[in-house]
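Feature annotations, reproduced from Swiss-Prot:
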{"type": "BINDING", "residues": "Gly11, Leu12, Glu13, Gly14, Ala15, Gly16, Lys17, Ser18", "note": "ATP binding site"}
Amino acid sequence: MTRGRFITLEGLEGAGKSTALTRVREYLQRQGIDAVMTREPGGTPLGERIRALLLGQSEPPMAPATEALLMFAARSEHLDKRIWPALERGQWVVCDRFTDASYAYQGWGRGLGAERIAALEDWTQGALRPDLTLWLDVPVETGLARAAGRGEAPDRFEQERDGFFERVHEGYAALAERFPERIRRVDAGQPLEAVLTALEEALASAVTRWLSGTEAH
């Protein structure tokens, strides 16, 4: 059986990933593609408990290395229990954030550096990398204003200062420059419908290639 495709969505707080995830699901359904929708951190019962630890308040503050290791602990469980089984069944997997977020948030944002994240990535994932990453690129100020406008209590990350998110944004930009074939930038500072149109165009381009057999895993 042919392994399923692995698609990830990335972006800062307020980038619109939840809405984008719905559009991706709807597009794949129209193509008759069986897709599993999931998220990180989380995606499994244990992963969701780790998510609560990561997003909840921590006093004294959680150490950056602890944060990174918890992210990869949740990811390891997610891969073992949900992502790999689905891919091996031939299902496609669409994940709200994956390891690019660890590079951006812990590698750049927390200052741990890409080398440490890469070591955890190789150990946890082996050779598995997403086939396509849709990066919803939103200016920091715009994203944080949108997140604040949801009217929900901010989580531990959303309470960070703007400088943290500027570093995270720099991380995503560096990754997009390094992996231009995999990471497709979508300007998420546009009006919503324009964002979703651009997102679907980037997705459709990749899906068309895959379904035509012109691009192997």
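Cβ atoms here come from the backbone N, Cα and C positions, even for glycine.
Around Leu12 (ATP binding site), the same-chain residues at least 6 positions away in sequence with a Cβ under 8 Å from its Cβ are Val138, Val140, Gly143, Leu144, Phe165, Val168, His169, Tyr172. Reduced to three states, the DSSP call for Ser18 (ATP binding site) is helix. Cβ atoms within 8 Å of the centroid of the Cβ atoms of Gly11, Leu12, Glu13, Gly14, Ala15, Gly16, Lys17, Ser18 (the ATP site) belong to the same-chain residues Leu136, Val138, Gly143, Arg146, Ala147, Ala188, site residues excluded. For the recorded site, Glu13 (ATP binding site), the DSSP three-state label reads coil.
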